[in-house]
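A.B. asks: What follows is a single structure, and I will ask about it in a moment.
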Amino acid sequence: MNQSQDLSHQAGQKMGQAQEKTSQMADKARETAQSAMDSMQQAGQQMQAKAQGATDAIKDTMGMKK
């Protein structure tokens, strides 16, 4: 293999490694985004449950509960 071919081969390897690293980083970003969405959904559900509990307590206090 001459020097030009060797450099071309090394460049190809580096490009492949860079593409793999980019793919791994994209996967990690997707996982992080999904985790954040899950956390936000859970927090929203907790807030909704607390609001419903507060509403029920007020209705009970006011004698409006069915």
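Cβ from N, Cα, C; glycine included.
From TrEMBL, here are the annotated features:
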COMPBIAS  1-11  compositional bias 'Polar residues'
COMPBIAS  33-54  compositional bias 'Low complexity'
COMPBIAS  57-66  compositional bias 'Basic and acidic residues'
REGION    1-66  region 'Disordered'
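Are these features on the surface or tucked inside, and what are their neighbours?
C.D. replies: Within the chain carrying the compositional bias 'Polar residues' (1-11), a Cβ under 8 angstroms from the stretch's Cβ atoms is held by none of the residues 6 or more beyond its ends.
DSSP states for the region 'Disordered' (1-66), grouped as helix (H, G, I), strand (E, B) and coil, give 60 helix, 0 strand, 6 coil.
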